[in-house]
Structure formats: structure tokens, C-alpha cells
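Below is one structure, written out as C-alpha cells; comments come after it.
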Amino acid sequence: MEAKNLVGLRLQNCESLHNQFQISSKAGFSFVGVDLFPACKNKPKSCQEIDDLLPFVGSVDVHFENGLSMSECTVGYTSGWIDCDCPDEGHSFISQYALKKELAWAAHLSLSAIHIPLRHANNVKLAQLLTAFIKSQVTPSRFWITVPMCLPTRGDCEDTASSPWHWWNELVTLAGPTVSESLFLVLEVTPDLPEESVISRWISEPVAALALSTNLFISNSKGFPILSRPHQAILRRFLKLNAQVILTGESWHERGLVVYRQYINWIWKCTCEARSSYEKQSLGYENRLQEPLQPLQDNLSSATYDVFQMDPYKYKAYEEALNLALLSRSNPGGDGVNPAVNKQIIYILGAGQGPFVDASLQASRRSGCPIRIYVFEKNRNALLTLKQRLQTEWANEDVHLVPGDMRCLDKPPAEKADIFVSELLGSFGDNELSPECLDGAQHMLKDGGISIPASYTSYIAPLQSQHIHINALRAESYSKFSDRIQESSETPYVVRLTNCKILAAPQEAFTFTHPRKDLATGSNERYCTRTFISNDDGVIHGIAGYFEAVLYENVTLSILPDRHSPNMFSWFPMVFPLNTAIPVKAGQEIKLHLWRCVSPRHVWYEWAVTEPQTSKIHNSAGSAYKIGL
């Protein structure tokens with residue numbers, strides 16, 4: 001989101017839309033919201049009265065003679081008196097008749113969005129009308145559905161069917177996922193803010209904008225309008241989600257509404273400047289569904305390696321783990337050998353462009369333990385980079401290159417390793433086939449040898465995210481992905497989770513330990529079932545996946561939300577989507593099932609939900625997505 005696109009202005013009672021738009025633009029507002037039809041003094045009683053109404057916004061207002069258009073900067077507001085689900089059948093009928101006319105006119109003008117308010121529960125007729133209208137369009141319009149953040153009589157917004165979130169959820173459920181692609185939220189920020197559980201639930205929804213009334217502002221010591229600290233915090237959270245702001249109401253400052261816009265822009269600027277390294281590095285990836293990497297089957301590009309090598313925490317952690325391992329191995333009174341007599345042999349399995357060689361050399365200098373490094377890599381292009389570094393940076397170091405797949409080398413080194421170093425971890429820990437790779441190489445590790453990482457554990461949690469759910473169902477949007485993906489709604493994705501809510505704390509799924517003691521008889525297939533208690537009313541759209549790795553002793557890497565390694569951005573969480581959303585009540589059980597399946601040529605995951613409702617088993621037999629061995 002750029003500052004120039006951030007703040008819009010709700011226009012009311014303006015005589016000339018064209019003139020008011022120009023004034024608003026000069027004041028720095030990026031869009032305007034305007035009534036499609038003039039406000040009625042009395043509610044229309046017949047279809048004829050509706051037919052006689054002329055629009056307030058005409059085509060001459062939004063399309064100019066010089067070819068320019070303000071349609072992309074205009075949000076059309078439907079009439080406030082319309083209530084399709086009014087208990088009065090007569091008013092309900094007239095409302096539906098009027099709304100069809102207003103929607104058709106807004107679509108004719110190609111406005112950027114059409115604004116419709118929800119003011120109560122039970123919007124079944126509205127959902128039916130919107131669904132039919134959207135399906136009849138060649139190019140569906142964007143609808144901004146406005147609801148209050150919470151009800152004025154219930155500041156905490158307890159989970160009852162009367163809460164605004166339930167209104168919205170009923171609407172999108174009735175509309176279905178295809179139609180819901182066109183539905184976005186505008187949250188009216190209320191004087192009394194809801195509790196955190198309600199706010200986090202709104203964050204999981206596709207919020208297009210916040211509606212801020214000038215009545216929410218207070219004066220600072222210099223007389224300028226500002227928001228209270230709690231309202232500032234709310235604004236910052238939604239600005240991070242690229243939500244826009246619609247300013248409503250009258251100005252009570254002598255300089256007019258521009259000072260409100262300037263203040264909101266200042267909040268946005270401060271929010272951007274306060275981003276963490278993790279947030280800065282992941283800009284542009286928010287909520288984007290990415291096919292997980294398959295480095296065992298594919299050769300990664302230099303650009304991909306470069307991104308990973310920008311992560312300082314990971315390499316510092318590996319260096320520290322290596323330092324501790326070398327100290328342990330070289331302690332004459334311990335299990336190791338005297339460094340004055342023997343070098344420690346380090347195998348770097350899957351070296352990429354060599355950052356772990358640098359970490360190993362630095363750990364050797366810190367520990368005082370001499371080392372010999374064997375660098376294993378199958379990527380022919382990465383091998384060229386490694387050869388260049390061998391001839392230059394590492395020319396005076398005891399570093400040796402071993403080309404090929406670590407699992408099946410024609411000529412492995414003559415001496416076995418004291419320490420394995422690998423970074424074959426995926427967003428779910430084992431999804432880039434670290435278990436299969438390290439098991440295949442274990443015969444080259446000395447008895448009593450060390451593996452870094454020593455173990456890694458995956459975690460799962462029930463996930464709510466309307467945004468991710470809709471995107472996962474849009475198979476046509478992922479033509480850029482390889483043909484390994486057969487069904488987009490049954491494919492695991494790597495996602496920088498922002499518009500989401502975790503409905504219960506993550507629990508352990510699978511653990512892998514290296515070196516394995518049961519190498520000859522063990523299997524890398526896994527199954528787990530985990531039961532969660534939902535914290536709030538919500539909707540299960542999928543399973544969020546995380547991992548935590550123990551590199552050596554107390555040195556760890558983690559992407560778990562509550563103990564995420566500081567500013568580590570090499571991994572985003574994994575998402576296992578559900579092709580059908582499952583509603584859940586606060587306090588209800590959620591039972592998740594997950595399989596890790598292995599065949600001679602592939603590894604894949606299958607997943608299902610059996611509580612509070614039963615889903616299908618997703619990706620059965622790897623029919624939608626497999627990881628190649």
C-alpha cells in the first residue's frame with residue numbers, strides 16, 4: 001500500500017461530484033465514497049417510485065470528455081433506507097427492487113467498489129440477491145460490505161449470533177466461495193473497541209478498509225486531531241494488512257479534513273518505519289500461496305539461494321551449534337579426540353552456495369578445533385559457485401568438493417564424518433525430505449557422530465482465513481505453478497500468514513531424530529491425530545503447520561508463533577487447506593488428522609477433520625500433490 005492510495009473521503013450532501021472530487025484529490029484523498037442515488041425524504045412505497053428516481057452519480061460525473069475517468073476512484077454507496085431482509089414484506093420487496101437497480105447502475109459506471117451496509121443478523125435475501133447479481137456479471141464488481149467492529153451495546157462482542165462477525169459470516173457462507181471472492185469488509189471502528197479475540201477474528205477476514213469517523217478523534221496539546229492509543233493500535237494492525245481508510249463525518253478543525261488525512265498518513269509512515277526485519281523481508285509475500293520448494297528434485301536458482309543467505313539468525317545459530325559440537329568432540333576428557341592429533345571431519349550435506357562452509361570455518365576458529373570439510377552438492381550450477389570459492393576464498397582451507405546425491409555417491413570420501421551439517425528443512429520440518437536424505441547418508445557418519453540438526457518437530461493448529469480459503473479454491477490462478485499441482489484446494493502451501501486466526505494453540509505432530517538408531521527397521525511414514533478446543537466461534541479453513549529444530553544441545557530454530565526465532569525469515573508457515581469450510585463454536589472440540597505417506601518414488605501428506613464435522617481426506621494417495629524422491 002502506498003501513501004497516495006491510503007485514505008478516502010466519504011462525501012455527503014455535495015452538489016457537484018466533479019468539483020468535490022477535485023477538491024478532495026487536491027487535499028490528498030485517493031478516492032471518494034458517494035451516494036449512487038439521492039437520499040429520499042420518505043421511503044419509496046412502490047416500484048414506480050423507484051423507477052422515477054434518477055441517479056445522483058451519472059456517467060457524465062465519472063467519465064469526462066477528455067477521456068479521463070474517476071470511476072476507479074469512486075465507491076458507490078447504496079441507499080441507506082434499503083433493507084432486503086426487513087420483517088415488513090412490503091418494504092423488503094421494494095428494497096430488493098431498488099437494490100437491483102442501484103447495483104446495475106454502479107456496475108454500468110464501472111465503479112471501483114459498491115458499498116452495502118449490514119445492520120442486523122439474518123441477511124438471507126440480501127445474500128440471494130447478491131449471489132444472483134454477481135453470477136450474472138461478466139466481470140464481477142467488488143462489494144464493500146460494511147459492519148460495525150462491534151455493537152455499541154456490547155463492547156466485548158461476545159460470541160452470540162447477534163455479533164457483527166456472525167452477520168458477515170452468514171453472508172459469505174450463503175454466497176459460497178466463488179461469489180465471496182467479490183465480497184470485502186469495511187469495518188466501522190467504534191468508540192468502544194472489542195476484546196482481542198474479536199479483533200483477531202476480524203483480522204482473518206478480507207478487510208478492504210476501516211471506516212473512521214471524525215468523532216473518534218480527540219485533540220492533542222496543539223489542538224490537532226489524533227486517535228487514542230487503543231485506536232491507534234487498531235489502525236496500525238489493519239494498515240499492516242494493506243487496509244485502506246475511509247474518513248467519514250464533519251471536520252471540527254479550522255484547517256478542514258486534510259489534517260485528519262495527514263494524521264492517518266503519519267500513522268502509516270510510523271507503522272512502516274517500525275517494521276521488523278522479518279516484516280521487511282517478507283513484504284509482498286503476505287497471504288500469497290507458494291508451492292513448497294522441492295530441492296531434492298529441483299535445482300534451486302542463485303536468486304533463491306541469495307534470499308536464504310540474507311537470513312543472519314539461521315547462520316549464526318548453525319555457527320553456534322558447530323562451535324559447541326566441536327568443543328564437545330575435541331574435549332580430551334569427553335567423547336571426542338584431542339584436536340592437536342586429529343582434525344574433526346565435517347560433511348556439509350546440500351551445501352548450496354557455501355554459507356555453511358563459512359559457518360564451519362568460523363566455528364573452527366572460535367573453538368580452536370581444526371577441521372576438514374567435505375562439501376556435498378548435487379546442483380550442477382551451485383557446484384560452479386562452490387568451485388570458484390574453492391579456488392579463491394577457501395584456497396588455503398582444508399575444504400573438498402563432493403559432487404552428487406548424498407544418498408547414492410559413486411565415490412564417497414574415504415574417511416567418515418564426525419559431524420553432519422545439513423539445512424534440508426522445509427516449512428513443516430520434514431517436507432523437503434530431510435529424513436530421507438539424512439537416512440540415506442547415515443552410513444557415512446562415524447559411530448557416535450553428531451548430526452546438526454539433531455532433531456526437528458512439526459506442529460499443527462486449526463486455521464481460520466477466508467482469504468487463503470478462497471485463493472486455494474481458485475485453481476485457475478495457479479497456472480504459474482508446475483504441473484505437480486493437480487488440485488489447488490488439496491495442496492499444501494507455504495504462506496506468510498497475516499490475514500488469519502489460529503483457533504487453538506499449536507500441538508506437536510511428527511518428530512525426526514538424527515542419527516537414527518532404528519535405521520534398518522524404521523519407517524519415515526507417520527500418522528497423528530490431535531484434539532483442540534476452539535478459543536472462539538470461528539470457521540476452520542485449514543491446518544497451519546510449523547516446525548522447531550534442535551540444532552545441537554540448546555541451540556534451536558523455530559517458526560512457532562510464540563517462540564519464533566528472532567527475525568528469521570527463511571521459512572514461512574505451511575498451510576494444509578480444506579476444500580470445504582467447517583464452522584466451529586467456542587469450546588467445541590476440533591479433531592485433526594495428518595498422515596505422512598511414503599512410496600518408493602514420492603512422499604506426500606494427507607489430512608482430514610473429524611470434529612466438529614467430518615471432512616473428506618484431502619490429497620488421498622497423493623492425487624493432488626506429491627514430493628519427488
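Glycine too: its Cβ is placed from the backbone N, Cα and C atoms.
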Listed by TrEMBL with Y305, K314, Y315, D405, M406 as binding S-adenosyl-L-methionine, from among E279, E286, E377, E432, is E377
With an 8 Å cut-off on Cβ-Cβ distance and a minimum sequence separation of at least 6, pull the same-chain contacts of E377 (S-adenosyl-L-methionine binding site), or say none. G350, A351, G352, L383, L386, L401, V402, P403
Roughly how many angstrom lie between the C-alpha atoms of Y315 (S-adenosyl-L-methionine binding site) and F308 (site 'Critical for specifying symmetric addition of methyl groups')? 10
Cα of Y305 (S-adenosyl-L-methionine binding site) to Cα of E423 (active site, proton donor/acceptor), in Å and rounded, measures 12
Could you state the CA-to-CA distance between D405 (S-adenosyl-L-methionine binding site) and E423 (active site, proton donor/acceptor) to the nearest Å? 15
According to DSSP, E432 (active site, proton donor/acceptor) sits in coil
For the domain 'PRMT5 arginine-N-methyltransferase' (279-452), mean pLDDT (0 to 100): 90
Among the recorded positions D405, E423, E432, whose Cβ has the fewest other Cβ atoms within 10 Å? D405
In whole Å, how far does the CA atom of E423 (active site, proton donor/acceptor) lie from that of K314 (S-adenosyl-L-methionine binding site)? 10
